Amino acid sequence: MRSYLTKPYLIGGVIILVLIALYASTLSPLAPRREVGTASRGKIVEEVFMTGIVRAAEQVSLSFERGGSLRSLLFPVGTLVERGTIIATLENDSEQAAVAESKALVAIAKTNLEKINEGTRAEEIRLKEAEARKAEVSLENSKRKTFSVLADAYGAAEESLSRYANPLFLDDDTAAPRLTYGAGTQEAYDAEAKRQSAGASVKTIQKILQTESESGGALTETVKNLRVVQDLFITLGLTLREGTALDSATLADYRSRVTSARSALASAISSVQTQESALKDGAAELERVTRALELARAKATRETVAGAEHELAQAEAKLQGIIASLEKTLLRAPFRGQISSTHADVGETVQGGEVIMEFLGTGGFILEANVPEADIAKIEKGAPAEVTLDAYGEEVIFHARVTLIEPASREIEGVPTYKTTLVFEKRDAALSPQIELRSGLTANITMKKVLKENALLIPSRALSTEGEGLFVTKILQSGATEKVLVETGNRSGNREIEILKGLQEGDRILIPAVE
């Protein structure tokens, strides 16, 4: 009977002990596990981490040299075009017309030079002789017409005074003509003085008509005197304003006379000026055809050939200048590449120098990174680097090399930095074809520099600080441990550190576990 009762008590006791052990384990954490490391020889590597951006090796922002209305964007974004291809234009109808005209002038100059070098044919000389005779006859006819033009001018001036002006004056042909109204006003004094001057001018025109009726100078002098008479009637018009003592009928009559005289004088002046221009044009034409005839008859001299060559060079230079103006309305691809983006629409007015598109070349990609001053001494031109791109994750590694470190710094968020350029090295054949470099991708760049070969290294976590000294827990051959004072050197990345004194290669050490 006692044996049956004892067994349940034993089982219950075991269960209670297990529960107590489990409870105790929750109250007292296990001591942290320690790792065992070994002091070994290796390289001290300094690492620099930075972030950069993938850029096309050839990348430019394009703009027109001058402003204008955007006529066309000839290719959509992403199109591959060759160097020199026109990719956008401004409105340029006037420039194209000027180029066509200038090309025609160059062709004329070339033909002229060829003719001079070949000499003039007999039939061409006869044609130029006929042109000279025609110009001479035309000029003579114009000269004979001069007399009638001057006579008409004199008639208009004389009639203006006798018929239209004299009824408004007393003693009109004397040295002191007096206006019949408005006495005492400034306008009246001016009109009386100008009446005397107008009478003298009419007499001068009469004298010109009698003595030098075919000269160009006679026409010029006649216009001058006609304007003196015309000025009289302008002043008379000022005297015939409202408020004069004249009755309405007389006022209307005088105004009509003044208006008629001014109209007749204006017509006479126009006729004389037209005749004067005809004489000048006729003389110039005669001189031109005469000179052309002389050149046709004469053999080409060295000076003549040189002159024709100079005219051709001038025409060609002008053509080049106009073509340059036309080119300012055209936007060409600076190298083989593709349009990455546009910033303007057709029909929009753009300013000179305003960026309208971004253009990427096909010459590969580069990396650009801004290295802070604290790290700039750790990198050098030609140094290799490992690169990962956020777009493809840390598993896809590219290789690059530093090609440029700009000497001048630039501040970014108050920190001096140096723009550093890296180029991608040959693509790893193991990379998937779907992994492509694109401008604008974010890159994580790691650069490693070997500071020392064959250095004695231990994990950095094995160090502990006591007072001002650094210690390492060394495992003795017996299995016991002792703290050893060590002297450290350079760090190799964030994981290892060089030991200068206190340990030897092969020594085993304890590495505290990370809690």
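Quick reminder: no glycine exception, Cβ is built from N, Cα and C everywhere.
Annotated in TrEMBL:
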| type | residues | note |
| --- | --- | --- |
| TRANSMEM | 9-31 | transmembrane segment |
| COILED | 113-145 | coiled coil |
| COILED | 283-325 | coiled coil |
| DOMAIN | 454-511 | domain 'Multidrug resistance protein MdtA-like C-terminal permuted SH3' |
Inset, instruction - Determine how many residues of the domain 'Multidrug resistance protein MdtA-like C-terminal permuted SH3' (454-511) DSSP places in helix, in strand and in coil. - result: 3 helix, 39 strand, 16 coil
Legend entry - Contacting positions for the coiled coil (113-145) when only residues 6+ beyond its ends and CB under 8 Å are counted: 214, 275, 278-279, 282-283, 285-286, 288-290, 292-293, 295-297, 299-300, 304-305, 308-309, 311-312
Legend entry - the domain 'Multidrug resistance protein MdtA-like C-terminal permuted SH3' (454-511) [mean pLDDT, rounded to integer]: 85
